[in-house]
């Protein structure tokens, strides 16, 4: 994605690395669209040879030194005027925040909201929804032929025409998650025609973590390239944590409303009701959640299909719904009330992420009857959601060995009418706890190559514990690698220019350029400096890996230098010889007789 | 590879983890073959449910508490009697060790061997070679229909019949690298019918590292699963470092003789001669190097084909040979003298690893004319080596985007008559220096699934510096994941039993079993303990990731418990329901009309 077109960044400033405190060679810049309030952020890398490379940027205003961010004030509402200008939404009083929204019981001796931060200190706001319950979704606009500012924004980000964006959304092959109550986001798109996206999960659990840590994890994850963030908090302060995350997030936020609903019934799955669930969905939609995982495909008749599995049901939402279905011996209330749920989501433009509650949790359970029975139901629900103009993506596994991965994406695309696939990994083996970012990064790269639109990251702590800051970074970087490898394999226009720029820097021993172009400049620089810390080594024509005499790139350069004047001259000379060789049928030197 | 057959480990002892100092649930054991001196090491994992799982073990005598290892004495010569019994080799005086073998110049003011350790303090030995220069290779024996003790050893290791091993070696589809001067190794096999193998590179460079560090890296790498180790030392003390590594290594050792030859001419490629190279090969063969990378495919006419490449020639050996060819305007002396080289290698049973000196060093250069021209020459050389009964494998790239990987293995198998392919990665993108174990782990898993027999690891320091102890471990673990994921995808018999055992332990909350079965038990345990350190948490039915209420596996278990008595009862009951459901055409619940 080097900046080869006519678009000029609107601004560019010097910046300090938040990590190393060093002056570094990249800047936050903006590409301006058809209107002054449509400014697409980019990461502009300035090279020492005078060229520059423009990279996709998910880090939000936090990396713009001209923007003064304050976590207690929240980000500025970039999309607010676009939403208001459409005239199809209205503000309303909204549902009051209740103590139990934060997991505090009425019977609690403390009473009331313990945490004053539950009322976000930033600008006052009322929730907004579609007038008269009408669908105010990007899908509805796309189908009507309207190109919204959000669509133009992602078109600039992806280097495609706005019409392509509109078409893909209208066809249901892409989603643009953008709740009318989350005006702070920089719009992004999820679909196989576009760059492969990465989601990072954050969230406290009953065991550990705090609100501040979750907000910090969110900005940290987007700093390294997370395209969306799911807040999977359980335990106390769910509502408040989410409010803080939303008001400070430049990327779409996803949730699993079932988790909060379960907290409201004190963790007793059988006490869940459609009313409690619906109320929770509205609560979250009013806050601005952009997409919600809904496990409506876990139907009563599918639960017995998991009986002979090695690892049963491994999706939290899936196991909760299965427990409910069996306890009541009734069909899932999510499945039964799916149409009403569609009406609610349409009024806020919340995107469905239809959950794979029956995904395989081990190699042994991959691609089994339970998994594919649910997938067929997700296909059915996708068609219903479409009737209500609700944007929809489909979640996928899980643990799948390499030879069974392709069947997953091929079946999903067929059954779900090419709706975007959003997969967790898949993990290609079960034997490496503590390294499941890698077992799954392998599967993620492959399934993305074959058409998956967004990858849900896995951190080194998967199966073992809650990820800390380092784990989040490792998970995001691993998945950015998988996503970019897939962009290359798909031949995504412009994807290889990034690799080419870095390889040019590498061959020409422009070390600083190599670091600045790296997915993780800090660690690349740190690793180099570990053995050759002196500043002159940054211009050396070798590194400590092979030393000066054995540096193949140095020798390659020497060859070019010695057998011609400039690099271009030697290339011309060598190319000439190459042509002569080819002209002789590549058989100038006859093979030794066998 | 759980131990399901009748083979009983010959011995098993309690052991302490060398890392944590904790008593752990696995033991070194041996499977005895047809003779008492044929004992195949295995890693026996004892589970808390009374079962046990037998895993392939590369760690050598170092993990056997009954063996007293001493790095200055070396390992005991396991294969010595087998080699002597064949009666086709002879001891001889051998080439004297010279100061320049360790990079010390005659003109050096110090004079002589600076390092007394150059004479290995262990048991005195003379080199051995085939009588009258005859081929004493496993390939020669296999073709004659002989099953050697080495072949029986690997058959037990791989759980196949000795005849399969012999056939694969005879056909050239597998190699069993085992120099007659390296009797210390535990034989292993490299071929697509067998488990995918992993090589770890070690070696000092002129810039850093010491002899002791290299020996330590070798035992460390094999401790985590490296199947072979390449000593790529350059700079001083090459001969001595290699001697210490060989005498202490339970796995085959590979080298690139060209590196040492270049040191002998003070790094001036143009001063290399066939005589210096040949002398170096004999020096290393007498020491016991099991396989040697020979860049005989870098021919003069191919060098111009690299002129328009983004990153030129990135193989050290390839760039050295290209420089020599251009400096002399002559065909490569390796190519010209290949038949004589075959005679030397055959006399010691050194296996060829035909180097890919023109492998692509960037995404832009993948699968280009230079690369495939060299591959065709490697196919030609493979057929020559076969005439001399020299075992041969073929090296492969490099940097290759995912969609171009399969062409590499398919072409190699076709051109090289199914000789084992041994690839570096491939790296699937250039943009992530400091994470190239991951960019390459993705490509490695894929190419191994499609038939690559051995993977050369890449560490996080690739492109940046020399790997330290942690980097070696990370590289090996990443590649063991890739190799095992490929074994699963290939449907290797028994491969999934390891995953199944770990997933059973996970579902049943047998935390200690989960740790002990993990590829890296230490890190898995450490990650779990980070958030839930108390000992009771080791038996808890949840972890800190989701907490007790949201643990899907706990809920899954509860479902099974509540809807029946024992797990088997509920499974029977649920299976019954499942059958009823299937009998009704899976349509008990009609889909909602679209």
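Every residue, even glycine, has its Cβ placed from backbone N, Cα and C.
Quantities reported herein were computed from a predicted structural model and do not represent experimental measurements.
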B:201, B:259, B:295, B:315, B:316, B:317, B:356, B:357, B:358, B:359, B:395, B:422 bind substrate per TrEMBL; candidate in B:151, B:230, B:553 listed for that same site: B:230
Region 'Disordered' according to TrEMBL, located in which of B:51-92, B:93-134: B:93-134
Inter-residue Cα distance where the pair is residue B:463 (Zn(2+) binding site) and residue B:551 ([4Fe-4S] cluster binding site), in Å: 42
Local Cβ density at residue B:551 ([4Fe-4S] cluster binding site) - other Cβ atoms counted within 10 Å: 21
Which of B:399, B:463, all binding-site residues, has a Cβ with the fewest other Cβ atoms inside 10 Å: B:463
Secondary structure tally of the domain 'ThiC-associated' (B:27-90) (DSSP, helix then strand then coil): 11 helix, 21 strand, 32 coil
